[in-house]
């Protein structure tokens, strides 16, 4: 999933790349970079099928040949992993590093571990020559390698998530690997790659020394600031960034259109706006394709080109949403499943895909079957290959107001509202009805039920919107955020309603969300990213510098 991003990050440092396409190239390689996003099981299966396992073990055996593993590329170095299918106890890895890879305890923390976190150095290494220890790096994983007596001499850095300490990078001789993603860690990550590649070139990579580590030291996962770009075609056929007012993206009477419907709001070009937000400090960027598909995602080349162009110079996580579903061309009869559609987006530079309407249909089928997983939904097939952390569920609910909790039927979860969120007749309760097709069609399923079902199907994160708050600039819907975050163990991104810096402080202090998303206020330059982060820092809310 992260191959294009790693390739672009290496190119940005001025080095040339050769793709390994057969086992014999491993033997003759000068240096190997092994990136990976996805499941341990499918990765090891592919390595075995392609005949790469033994050549890799031979290459790594003496620890003297330069190697950089990233994320799954690090985990496969260990003896085994718990990331298995039903009925399997463990899976064998390459066996270079002693010890297992195990899963985070979701009863103690949100899983996956997603976001920017720190590092505690266990060794001095030329890999971190250009990086300060205080600089955060980007993680996205559900499984980790614990430090044990057998592998402690491999630990280059460790990181803590909740109370769990894990190996965040390793080095022995010329073998280096990291659990975090340098290609998605902004300028810090580019400098990590620079340190590694320069050390290979200068033949100084193995020049390391041990550091005394304070076993009580802790790192902290910061709160993420996500910028969303709603991308669609305007009336002239150009892709533009727009912004809705309760999901209506056309100019209206408030904007000087006196009669009829105005044109699509044009707030800028997708790639240039995304590049601006990367420079200004956005922690993640989401491209949400809200164009109605006439041909299907596979033929939607402009959006793929946006991703490919953006990934050349933007080194933070990129999420893409819109049309992640199975599709059949009515003219040719050719079919593509959701995994093929998502794979095309990943190859274009996306790190995560956001599934909207298709997740509602999948959840409905799961509930109607009595909680039986068929293994064929878009959520299941994509998470099986790319991992749960690559699947984001975008929930678009609207309030159905109630006079009392007891007015809600048993299959929906009622929520109490704050006084300033009361309904048109003073209602202080509601349930959140999910919608599909860009909010145009309501379904008989609530946001809490949808979140629980999609987590069970394999989703790794939820982007939680609220149609009632969208474009109103009155802050996030805390009641909705708490209702969903209390029902699931996967991370939540708060969305819809941000209008100023205080709204971010409020949602981070009043709810358990790990990230908050905004769009219009940044597009219109009403608020700057740096001012939001300063406001967070001033109020002791951790953020990436």
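Yeah, the Cβs are placed from backbone N, Cα and C, and that goes for glycine too.
Residues annotated as domain 'Glutamine amidotransferase' in TrEMBL: 9-196. The average pLDDT computed for the domain 'Glutamine amidotransferase' (9-196) is 95.
Packing around residue 71 (active site, for GATase activity) is summarised by its Cβ count: 28 other Cβ atoms lie within 10 angstroms of its Cβ, all protein chains included. The active site, for GATase activity feature in TrEMBL is assigned to 71 (among others).
Annotated L-glutamine binding site per TrEMBL: 71, in sequence order.
Positions annotated as active site, for GATase activity by TrEMBL: 181 (among others).
Other C-beta atoms found within 10 angstroms of the C-beta of residue 183 (active site, for GATase activity) number 30, with every protein chain shown included. Taken from TrEMBL, the feature active site, for GATase activity applies to 183 (among others).
Over all protein chains present, the Cβ of residue 230 (active site) has 25 other Cβ atoms lying within 10 Å. Per TrEMBL, the feature active site maps to 230 (among others).
If you look up TrEMBL, you'll see 323, 465 marked as substrate binding site.
Per TrEMBL, the feature active site maps to 396 (among others). The Cβ neighbour count for residue 396 (active site), using a 10 Å radius over every protein chain in view, is 27.
Among the active-site residues 71, 181, 183, 230, 396, the ones whose Cα sits within 10 Å of the Cα of residue 465 (substrate binding site) are 396, in sequence order. Rounded to a whole number, the C-alpha distance linking residue 396 (active site) with residue 230 (active site) is 14 angstrom. Put simply, 71 is the one of the recorded positions 71, 230, 323 whose Cα lies nearest to the Cα of residue 183 (active site, for GATase activity). Put simply, of the active-site residues 71, 181, 230, the one whose Cα is nearest the Cα of residue 323 (substrate binding site) is 230.
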